[in-house]
Amino acid sequence: MSMNVAWLSPGAAYADVWEAMKAFTASRGPATPDEIWLCEHAPVYTLGQAGLPQHVLNPADIAVVRSDRGGQVTYHGPGQIVVYCLFDLRRAGMYVRDYVALLEETAIAVLGRAGIVAQRKPGAPGVYVEQPGQTLAKIAALGIKIRKGCAYHGLSLNVAMDLTPFHGINPCGYEGLQTTDMASCGLSCSVHEVGQALADELVRRLSAYQGSLSSGE
């Protein structure tokens with residue numbers, strides 16, 4: 001399958017990337033190759049379409065941007081990889097629920113190969129790691145938008161970041177939800193390494209999905 005993978009400038013402004021995703025999606029045609037954009041954002045809180053302002057508790061000097069993605073509120077910043085997936089789901093023959101599962105399973109697979117056991121949580125999209133006391137902390141978040149069968153936005157995974165800004169919100173709309181990163185799980189790796197691993201895994205899984213459809217499995 002044809003897939004363009006691009007790294008955006010470090011500290012890319014969320015609003016600029018969002019506008020670029022919308023423009024790409026609006027202009028793409030039936031044969032336009034899918035793309036993956038990888039980046040670390042400058043600090044920003046984003047509110048999804050279902051986002052309630054009361055879940056932004058104390059933004060301090062961090063900007064809050066209302067977005068068209070699904071979900072509630074989250075934080076993006078340095079030390080976190082954001083993977084924007086500009087995929088034609090209609091062309092791939094993929095239902096939204098299967099796409100969400102693909103994103104979650106991609107993060108779980110990459111974390112697993114790094115030695116971190118992660119899991120999905122029923123009713124709460126994203127990827128979680130068990131903490132002492134058997135509580136779950138969120139390590140990866142999802143947010144997607146589908147327009148005319150094409151997806152944009154994607155997933156974020158906390159690599160080695162300052163987690164303090166998550167205390168200024170109810171992450172994903174859940175009061176008291178803990179967050180963690182790969183560094184807190186004892187793993188030292190770069191955002192670039194993790195981003196490339198996620199992109200490679202996404203391409204592999206999307207290709208496998210399309211292959212299973214064409215073979216009638």
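Positions of Cβ are set from backbone N, Cα and C atoms, glycine also.
Feature list (source: Swiss-Prot):
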ACT_SITE  CYS172  active site, acyl-thioester intermediate
BINDING   ARG69, GLY70, GLY71, GLN72, VAL73, THR74, TYR75, HIS76, ALA141, LEU142, GLY143, GLY154, LEU155, SER156  substrate binding site
DOMAIN    30-210  domain 'BPL/LPL catalytic'
SITE      LYS138  site 'Lowers pKa of active site Cys'
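Positions of the features from Swiss-Prot, shown on the structure.
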| residue | record | DSSP class |
| --- | --- | --- |
| ARG69 | substrate binding site | coil |
| TYR75 | substrate binding site | strand |
| LYS138 | site 'Lowers pKa of active site Cys' | strand |
| GLY143 | substrate binding site | strand |
| LEU155 | substrate binding site | strand |
| CYS172 | active site, acyl-thioester intermediate | helix |
**Message:** Restricting to the domain 'BPL/LPL catalytic' (30-210), what is the model's mean pLDDT?
**Reply:** 95
**Asked** Ranking the binding-site residues GLY71, GLY143 by other Cβ atoms within 10 Å, which is at the bottom?
**Response** GLY71
**Item:** Inter-residue Cα distance where the pair is CYS172 (active site, acyl-thioester intermediate) and ALA141 (substrate binding site), in Å
**Value:** 8
**Prompt:** Could you give the Cα-Cα distance between ARG69 (substrate binding site) and LYS138 (site 'Lowers pKa of active site Cys'), in whole Å?
**Reply:** 19
**Asked** To the nearest whole angstrom, what is the C-alpha distance linking GLY143 (substrate binding site) and CYS172 (active site, acyl-thioester intermediate)?
**Response** 10
**Request:** Could you list the residues of the same chain, at least six apart in sequence, whose Cβ is under 8 A from the Cβ of CYS172 (active site, acyl-thioester intermediate)?
**Result:** GLY71, GLN72, VAL73, THR74, ALA124, PRO125, GLY126, LYS138, ALA141
**Asked** Around VAL73 (substrate binding site), how many other CB atoms lie within 10 A of its CB?
**Response** 26
